[in-house]
Amino acid sequence: MNIAVDLATVWAFIIAFAVFVYVVMDGFDLGLGILFPLFPEKHDRDVIMNSVAPVWDGNETWLVLGGGGLMAAFPLAYAVLMPALYTPMIVMLLGLVFRGVAFEFRWRTTKAQNRWDIAFFGGSLLATLAQGIALGAILQGVHVEGRHYAGGWWDWLTPFSILTGVSLVIGYSLLGATWLVMKTEGELRDRAYHLSWIFLLAMLGAIGAVSIATPFLHVEYTHRWFAWPNVLLTAQVPITVAVITVLLLRSLANKYDYQPFFLALALFALSYAGLGISMYPYIVPQSITIWQAAAPANSQLFMLFGVAVLIPLILGYTAWAYWVFRGKVKPESGYH
Amino acid sequence: MFEGWDAVVLARAQFAFTMSFHIIFPAFSIGLASYLAVLEALWLWTGREVYINLFNYWLKIFAVAFGMGVVSGIVMSYQFGTNWSAFSDKVGPVIGPLMAYEVLTAFFLEAGFLGVMLFGLKRVGPKLHFLATLMVAIGTLISAFWILSANSWMQTPAGHTINADGQFIAADWLKVIFNPSFPYRLVHMVLAAYLTTALVVGAVGAWHLLRDRHLAGPRVMFSMAMWMATLVAPLQILAGDQHGLNTLEHQPVKIMAMEGHFQSHKDGAPLILFGLPNQSASRVDYAVEVPKLGSVILKHSPDAPMAGLDTVPRENWPPVAIAFWSFRIMVGMGLLMLALGMFSLLMRLQGKLYDSRLLHLFAVAMAPAGFIAVLAGWITTEVGRQPFTVYGLLRTTESASPLAAPAVASSLIAFIIVYFAVFAAGVIYLLRLMAAPPHPGEEGPSHEAPIRTAGITPATQGAPS
């Protein structure tokens, strides 16, 4: 154990944290886009947009930190994974372009507003699907030779990656629906409850399907999850999922405002922990470990100072921005 | 072999295309964020309503431009990996941390306070709101600091070593960050952003003055913008000259390409004003040149010898015609800005700033000049760095991802279609916002009805109106 080893582990957690914060924050944000067609009335759409307009930009900055941080802290992993995920990445970026501009563009036109609503939905759906597919493609492993990706540009496309893509669409929809429960009132909220039920059941199915499929990808994954005594620890994950599910069902039945969203986030956190259990210590599964991919210690150390000081500060003022726009979005909105 | 070469050219085209689209928005929003901070400060200080009207007017424009900058910027942060993976692996340990610091110190700051800046005046009150505006403005400048440091390091690498895996490693972070060309490039780019914004603001002001020269808002913004042109255009020419001398010291080949100096000149190089650089024949066809002036400008002595591209191996030549022409376009725009600044000063001294139709027409025509100059300047410096990504150390051909040409070709076509469709619409919305004059009681970009509940500070409370 030298200092570089410790730094690589610390950085693996930092990158994992950035990606998780991204999933937490942009997850509901993209989910609202996916749910958009289910709310055809202009008034509802305005409320949905307003519930997230002040914060979407900050949410997506975590994605930039995830990408930029990966390049800086694990350049080899970034250099291998990005070409391997070429098509999903490009699709995600283009999807984010469409949905990002829709936040402002749809208020600037009445004639073409419907067009930007479609862009918001389509962009959100494509970006989410691409993120889920990328996740599946990473889990199933990529073909590496030397320091380069050596596979083709369609290797990512498998039934498993499609499964993870669809699962993420379901998951983000659940986050979006429970966000609306928290942020809206009246009839809009009632429909959000209804959707939360549907997407929660779908999410449970998705978690089950991905959990069953993952061990078949690599014998390593099976070993990691089911070998004695690992199973004593790994079994905590599905048990906690069951507990959270019961709490979530109860909070929906009791029509609580805040609990469903945060319990849905807890479900995400558990799925994410499961992912970590499968992958660690690989950053490119079964090919490159975090230590092999790590940038030289002085690069990781240089950034660690910044992260230690700035991340708490960032979380602080981000929380303030959410606090400023707290509470239900007022229904009498609509200047345009 | 052919396919591999082709994929690199396509990847370069894709980077150039997405970068050129992206740079337009930050160039505008860096200047506009500072302008908004100044307007809000003037409103808080003087209490004159015209300032808050102008603030809200330009804030709506800022919101649209900033959104486009964000989404085109996310693309850039992933392009390094998707298309330039070998570069990312080798150079990531040095420029990765610089970009990570840009995200941590700048992007989060901008994004975190943008929501309050756009929609929060009625919720947080004028003082906290001004703080948010200030944070966004400072964020744009910090962002320029880091990204220009990273770019400058690729132009004039310093403070690094190379490890066994062929990766660049920082030996001295201060030398990496403050590499030789960075201070010049930073000053040149920030001034460019301010000028670009000033020209847009001035053109919008002039456009409305052409219709009605008594409008309060357009008069104020036109006067402010013309002050910027008068003061900053000469400064920018000075900064550009110093940047050029720095380039001559550290990247002489780039200067040879910009000047079209294929041959060495032992006793004074001419300044080629115009001509058609002919790279294969190593000469400038139909050159119009002033003898000795090249040496006067670059060496401050008419007989100073200047080496030409004939002293450099051909495989290290950048594409001469592109650097030559883009440089002339940039300089031409700079001289026009200087002319506008001086003309407006003359009219101001004669008391005709708001009356001279000729000045207003000139200012309207100059609206895109800043964008053209910024793009031309970036093309000059980036094309002049070729055929390297890290100047003199890492070739562009060794930097690309191992991708099949069809993959890159498809993504390039997708970017072109999407960017033209999306950003053309954005530009139309921006022009539509600018076409209406600012009016008394101008609303901000808030999509909500005003909050009437007692207990939440209304905009007017505590602030002069």
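Placed from the backbone N, Cα and C atoms, the Cβ positions cover glycine too.
Copied from TrEMBL, the annotated features are:
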- A:7-25: transmembrane segment (TRANSMEM)
- A:76-98: transmembrane segment (TRANSMEM)
- A:118-140: transmembrane segment (TRANSMEM)
- A:160-182: transmembrane segment (TRANSMEM)
- A:194-213: transmembrane segment (TRANSMEM)
- A:225-249: transmembrane segment (TRANSMEM)
- A:261-283: transmembrane segment (TRANSMEM)
- A:303-325: transmembrane segment (TRANSMEM)
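Counting only same-chain residues 6+ beyond the ends of the transmembrane segment (A:225-249), those with a CB under 8 A from a CB of the stretch are 200, 204, 207, 211, 215, 259-260, 263-264, 266-267, 270-271, 273-274, 277-278. Counted over residue pairs 6 or more apart, the CB atoms of the transmembrane segment (A:76-98) and the transmembrane segment (A:7-25) come under 8 Å in fewer than three pairs, which marks the two as apart. Listed as Cβ neighbours of the transmembrane segment (A:261-283) (distance under 8 Å, sequence separation of 6 or more from its ends, same chain) are residues 9, 12, 16, 20, 23-24, 27-28, 74, 77, 135, 138-139, 171, 174-175, 178-179, 181-182, 196, 200, 203, 207, 210-211, 214, 221, 224-225, 234, 237, 240-241, 244-245, 247-248, 251, 289-291, 293. For the transmembrane segment (A:160-182), the neighbouring stretch richest in Cβ pairs under 8 Å, chosen from A:7-25, A:118-140, A:194-213, is A:118-140. Distant neighbours of the transmembrane segment (A:7-25): 55, 58-60, 62-63, 65-66, 69-70, 73-74, 265, 268-269, 272, 276, 280-281, 283, 290-291, 293-294, 297, 300-301, 304, 307; these residues of the same chain sit at least 6 beyond its ends, with a Cβ under 8 Å from one of its Cβ atoms.
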